[in-house]
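Per TrEMBL, these features apply:
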TRANSMEM  6-24  transmembrane segment
DOMAIN    40-182  domain 'Lactate/malate dehydrogenase N-terminal'
BINDING   ASP72, ASN135, VAL159, ALA160, ASN161  NAD(+) binding site
BINDING   ARG122, ARG128, ASN161, ARG192  substrate binding site
DOMAIN    186-354  domain 'Lactate/malate dehydrogenase C-terminal'
ACT_SITE  HIS217  active site, proton acceptor
Amino acid sequence: MDCLLLLQQILVVLFTVVFFWKLIKYMWSFTNIEKEPVRVLVTGQIGYAIVPMIARGAMLGPDRPVILHMLDIEPAAEALKGVKMELIDAAFPLLKGVVATTDVVEACKDVNIAVMIGGFPRKEGMERKGVMSKNVSIYKAQASALEEHAASDCKVLVVANPANTNALILKEFAPSIPEKNITCLTRLDHNRALGQISERLNVHVGDVKNVIIWGNHSSTQYPDVNHAIVTTGNGEKPVRELVADDRWLQTEFITTVQQRGAAIIKARKLSSALSAASSACDHIRDWVLGTPKGTWVSMGVYSDGSYGIQPGLIYSFPVACAKGEWSIVQGLKIDEFSRAKMDATAEELIEEKSLAHSCLN
């Protein structure tokens, strides 16, 4: 009788082990299902710096396959073919396909994310209106193609200058894309501000957070450290307290960040490529995957009137991201110095908007 009872107990244990083993295998099979590839459009020759980063997972994570769509102008068609060959030769595990084309319709077909780096650069002797006119026509055409052919939930990041106003033009000619899905890049300026603080305090850049870039991606932008924090061995400390030099923070720090792009052009005779590409990946990654709790980043987004900024401008605000959505961080105290700087960069954006509409007309 005891033997029979023991045998029953052994069978129960074996049955339980087999059951849970099969359950674990079943659940594991779901975790190993490959995610659907995301189609990412990149425009312009400077975009060549970003495509290997995207293919490696720097933008959407190490487990998200991608199909890259690259768009460039006709004179760059051969170079574009060469980039496609290099992407294939690199054998990126996450890269599930490459579309390299000069046809804007083919480039925009079913894309989930659009990184708009291509634009007409300002050349020596050109008037501001001339540059604006060129870019308005480019972004009008590309917006129409995205409107017709991109995925309905496409997220757009405009990098080409004037980035804020190019994004605004794109929004006007792609009305079916939600306004919250059209943004411009000020993360590069945000990262530059983080870098300057880390250099000044001799701390790791990863220990600095919550700087803010307000306004336009131009020399009127306002890099603000009033709410920035550094993680130290003794906990979190305000940047302003650790720097202990208000004069530097209100003069040299601001101008260094504002003019960093020009300084890079002067040093390497070319505009920012590596840092711009990395920042664009940061922008999309945080937007899609979320920002850490208690941390915000800077994004050029459609103003809803927050902080007294005129609605209808694409203006850089501090934002937190979760579940693929951004939201402007509310309730931050704005001092008199900051108010003047924020209003000055808003005025420039109002002027740019008016200029862009005059080019359209």
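Count begins at 1; order follows the chain as displayed.
Using the three backbone atoms N, Cα and C, a Cβ is placed for every residue, glycine included.
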Fewest Cβ neighbours within 10 Å, where candidates are the binding-site residues VAL159, ALA160: ALA160
Recorded positions compared (ARG192, HIS217) - highest count of Cβ atoms within 10 Å: HIS217
Rounded distance in angstrom between the Cα atoms of ASN135 (NAD(+) binding site) and ARG192 (substrate binding site): 26
From ASP72, ASN161, ARG192: binding-site residues whose CA lies within 10 A of the residue listed as 'active site, proton acceptor': ASN161
Among ASN135, ASN161, the one of these binding-site residues whose Cβ has the fewest neighbouring Cβ atoms within 10 Å: ASN161
Binding residues ASP72, ASN135, VAL159, ALA160, ASN161 (NAD(+)) - maximum C-alpha distance in whole Å: 16
Distant-in-sequence Cβ neighbours of ASP72 (NAD(+) binding site), under 8 Å, six or more positions away: THR43, GLY44, GLN45, GLY47, ALA79, LEU80, THR102, GLY118
Alpha-carbon spacing, VAL159 (NAD(+) binding site) to ARG192 (substrate binding site), which is rounded to whole Å: 16
